[in-house]
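Inspection log for the structure reproduced underneath, given as structure tokens.
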Amino acid sequence: MTLSESAVHTLTRIAVPHGQGRARGLGPADLGVHGVEMDNLVGLGLPVVPGLTIPVGAGEELANRETAGVAIDLLEKLAVRGIWPAVRTERRPMLMHLRCSAPVPVSALPPAISVIGLSTRNVDALVEVIGRDRDIFDSWAETLRFVAENALDVDPDDLDDVVDDHRDSRARVPALLELIEESTGVAYPADPAEQLGLAARAMLARWASPRGQRTRRSLSLPEDLGIALHLRALRLGSWNESGYGSATSRDLETGGYAPHGVFHLGVRRTDPDPGPGEPLGSMPGGTAILDQIFATLEPHLRGVAQVEFEVRDRQMALLSAGAVEHPGPRAVTTLAVDLVNDHAIGRREAVAMLDPDLMQDLLHPQIKLTGSEQLLARGLPASPGAATGEIALSADTALQWAAQGRNVILVASETSPADVPALLAATAVLTSNGGLASHAAVVARGAGRPAVCGATSLRIDRAAGTVTNGDLTLAEGDIVSLNGRTGHVYRGAVTIRPAEPSAELDRLLGWADDIRRLGVRANADNAEDAATAFRLGAEGIGLCRTEHQFLGDQLPLVQRLVLADSEAEEIEAIAALTAAQEADFTDLLRVVGDRPITVRLLDAPLHEFLPADGQYRTEDEARRAADTHESNPMLGLRGVRFAMVQKRLYPAQAEALFRAWVAVSAEGLHPQLEVMIPLVSLPGELSRAIAQVHEAAASVTADTGITVPYKVGSMVETPRAALLAGSLADDADFLSFGTNDLTQLTYGFSRDDVEKTMLTHYLEHGLLTDSPFAVLDPDGVGALVSRAALLARSTKPEIKLGVCGEHGGDPSSIEYLNSVGLHYVSCSPRRVPVARLAAARAVLNAD
């Protein structure tokens with residue numbers, strides 16, 4: 001074959017043999033994803049099938065016969081120098097395989113062209129070498145059909161007729177060759193260079209076709225996105241000594257090293273499906289080379305490795321290799337620890353491997369879907385985990401059935417503080433109203449109960465005892481299942497996979513603790529939640545919501561205070577409240593030990609504590625409750641405002657806390673008390689509330705002779721407080737950002753309503769990228785936090801700054817808060833491991 005000098009020059013200039021891309025300074029934009037992948041494999045010293053890449057934008061050059069001929073000569077030289085040191089012969093020609101890739105991963109590329117270089121001249125000799133003919137004719141027929149349709153403009157219907165009329169590929173190939181000659185007037189070429197030129201033209205035409213353009217539009221890819229062409233040698237050997245397969249390095253459930261996959265004897269083809277294949281152990285030459293390959297790949301990929309390979313004459317070479325997408329957090333965790341143990345990577349690299357968002361799947365039960373589940377409704381993923389149970393439409397029913405040992409899912413339009421005992425007794429909670437910051441969501445997350453909120457398509461009829469969505473109606477007592485991580489609710493029971501925390505996860509989190517700068521605390525209101533938080537690695541309690549201690553059996557204590565009609569009734573109610581809180585605080589502080597604990601004095605709106613309509617004991621109580629009615633209670637008489645009006649409340653709470661500290665100090669425990677004043681907007685509110693706390697401390701000291709050490713600070717949850725943080729820092733020892741309310745007040749959103757009325761629309765139409773109640777808004781709310789931190793430090797450089805909203809457990813929010821330089825985040829107990837890992841990842845990303 002005589003080749004022009006220009007063809008040689010062109011091909012030499014554009015063709016990139018596997019392994020030479022990096023040296024030429026080429027990346028995915030030039031080589032495509034697969035070209036870079038093969039380049040990396042050569043760089044790692046792994047055996048690869050000899051091949052070369054024609055970069056993006058240069059594919060038309062390969063469609064030229066002379067250039068294609070130069071490419072074949074170059075490929076042969078690579079093969080001779082590579083793992084198959086033999087020249088092509090008539091009996092064993094060097095056939096070729098052509099595929100493509102884009103600069104970014106694309107799921108709908110043109111199919112690979114299986115075999116180039118076959119002809120009636122060499123097929124019989126080749127079949128004799130292989131030992132059987134079906135595989136080679138199947139691949140040949142696929143190639144002919146694809147090239148005929150896309151490069152030679154043969155009618156697809158005529159091609160389909162040939163395929164339908166000739167089910168045996170040995171008869172189909174001659175029929176296709178005949179159709180091509182009839183349709184084009186020219187016989188299909190036997191020359192490998194001409195075949196390669198046609199194959200390149202077919203692949204480029206398929207990518208440029210209206211079908212390809214529609215695919216790119218559907219994937220939001222540029223319509224002019226180009227592809228690189230990848231040509232590799234396809235040298236065939238004896239059927240029972242050759243084949244192809246795929247393998248994965250680890251068990252995707254457990255993460256244990258356990259190479260598994262399939263192997264097919266014969267020639268690789270894409271259609272029809274060759275069947276289930278054989279176990280890897282049946283490969284000629286065994287699997288030892290796979291172990292060596294995986295030992296090299298896993299540290300490089302920082303992931304579970306998967307490979308495609310060919311075996312020819314008992315020699316293995318890689319066709320592709322990469323990391324398994326979404327292998328599962330347990331597999332990633334085990335792999336990361338194994339790689340550190342093998343000294344393949346360092347601890348920082350191991351911590352970077354695990355996604356904090358996915359780690360929640362290790363900490364909560366998960367639904368294992370089979371495809372046969374019937375979806376009942378979809379709401380907001382309010383609290384992670386999965387559960388199956390009977391529908392209970394009232395708190396009383398939920399408590400009664402739970403006491404009988406039945407799994408119960410509390411289903412309600414929304415919940416209130418009076419429902420907390422039922423929430424804690426239930427297996428999970430489902431509400432038709434409310435959002436991620438609703439009462440049900442917050443309590444469920446704190447208690448570790450799965451929850452789906454805002455399932456607005458549900459119609460709950462307590463009187464009829466039914467739950468309806470469209471034509472589907474369920475009765476109280478029927479079984480439903482829910483996934484609190486996705487927001488899906490299913491009719492009937494589903495398979496639940498239990499939580500899978502492991503020793504490897506504990507080790508990984510320990511390494512994360514060594515890296516992170518942010519402290520991680522937990523929001524916990526009782527001894528049980530605190531114990532859970534510390535077991536999961538919390539360094540202290542960042543938020544104890546004292547109003548939550550008045551739920552359930554103690555709810556009447558607050559009701560007596562709110563509805564008191566005289567000073568005597570008020571004093572009596574305060575005394576009962578103080579005694580109850582002192583006992584609760586004592587239990588809690590025993591668990592806290594010597595750790596820090598931030599106790600927020602009463603904050604919740606008054607309406608959350610009042611009896612439901614019709615449940616007042618007297619008409620006077622009903623009248624007094626009506627007098628407290630507010631149009632917007634979330635912005636009304638709550639937090640420090642109530643303490644300014646009811647001046648006995650905060651001193652009583654503080655005294656109960658200090659007396660509890662005295663009690664546990666006698667047992668050798670010394671919790672680091674931090675008393676927090678909520679919903680401050682005016683510096684004067686804070687200074688007066690702090691004075692009340694100091695008076696309570698002085699009273700306890702006078703009574704016991706013990707000086708209780710404590711700090712007093714302010715919650716920052718109004719924009720005004722953030723803007724006046726410098727003034728607040730004059731009196732405060734610390735500031736803690738309550739980002740739930742701060743988000744609500746900054747946006748002017750009602751957190752109880754916005755997610756069911758407009759948030760979905762905003763997300764679908766691109767007005768918001770995330771719910772601001774789930775992910776901290778860096779431009780608005782985050783800017784207030786950042787400005788407040790600067791102002792507070794300008795007044796008091798040593799002031800402690802933290803976050804106690806649910807954003808404290810969100811990885812994206814934690815990364816932002818780390819950049820602001822806060823001291824700690826606080827989140828629900830079961831999100832503590834997520835926060836620990838996310839705080840470490842924030843440091844790694846910043847570095």
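Every residue gets a Cβ built from N, Cα and C, even glycine.
Quick look at what TrEMBL lists:
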DOMAIN    407-487  domain 'PEP-utilising enzyme mobile'
ACT_SITE  His439  active site, tele-phosphohistidine intermediate
DOMAIN    503-841  domain 'PEP-utilising enzyme C-terminal'
BINDING   Arg545, Arg600, Glu717, Gly738, Thr739, Asn740, Asp741  substrate binding site
BINDING   Glu717, Asp741  Mg(2+) binding site
ACT_SITE  Cys804  active site, proton donor
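Features per TrEMBL, on structure.
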{"residue": "His439", "record": "active site, tele-phosphohistidine intermediate", "DSSP (3 states)": "helix"}
{"residue": "Arg545", "record": "substrate binding site", "DSSP (3 states)": "strand"}
{"residue": "Arg600", "record": "substrate binding site", "DSSP (3 states)": "strand"}
{"residue": "Glu717", "record": "substrate binding site", "DSSP (3 states)": "coil"}
{"residue": "Gly738", "record": "substrate binding site", "DSSP (3 states)": "coil"}
{"residue": "Cys804", "record": "active site, proton donor", "DSSP (3 states)": "coil"}
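Spatially close to Arg600 (substrate binding site) yet at least six residues away along the chain are Leu543, Cys544, Arg545, Thr546, Met676, Pro678, Met715, Cys804, judged by Cβ distances under 8 angstroms. Our reading of the substrate binding annotation (Arg545, Arg600, Glu717, Gly738, Thr739, Asn740, Asp741) yields a largest Cα to Cα distance of 15 angstrom. When the alpha carbons of Glu717 (substrate binding site) and His439 (active site, tele-phosphohistidine intermediate) are compared, the span between them is 17 angstrom. Excluding Arg545, Arg600, Glu717, Gly738, Thr739, Asn740, Asp741, which define the substrate site, the same chain contributes Leu543, Asp603, Pro678, Met715, Phe737, Leu742, Cys804, Gly805 within 8 Å (Cβ to the Cβ centroid), listed in sequence order. Fewest Cβ neighbours within 10 Å among the binding-site residues Glu717, Asp741: this applies to Asp741. Of the listed binding-site residues, namely Thr739, Asn740, the sparsest CB environment within 10 A is found at Asn740. DSSP states for the domain 'PEP-utilising enzyme mobile' (407-487), grouped as helix (H, G, I), strand (E, B) and coil, give 18 helix, 28 strand, 35 coil.
Between the alpha carbons (Cα) of Gly738 (substrate binding site) and His439 (active site, tele-phosphohistidine intermediate) lies a span of roughly 15 Å. A straight line from the CA of Asp741 (substrate binding site) to the CA of the residue listed as 'active site, tele-phosphohistidine intermediate' spans 13 Å. The Cβ of His439 (active site, tele-phosphohistidine intermediate) has 20 other Cβ atoms within 10 Å, all protein chains considered. There are 26 other Cβ atoms within 10 Å of the Cβ belonging to Gly738 (substrate binding site). Note on Cys804 (active site, proton donor): other Cβ atoms within 10 Å of its Cβ, all shown chains, come to 29.
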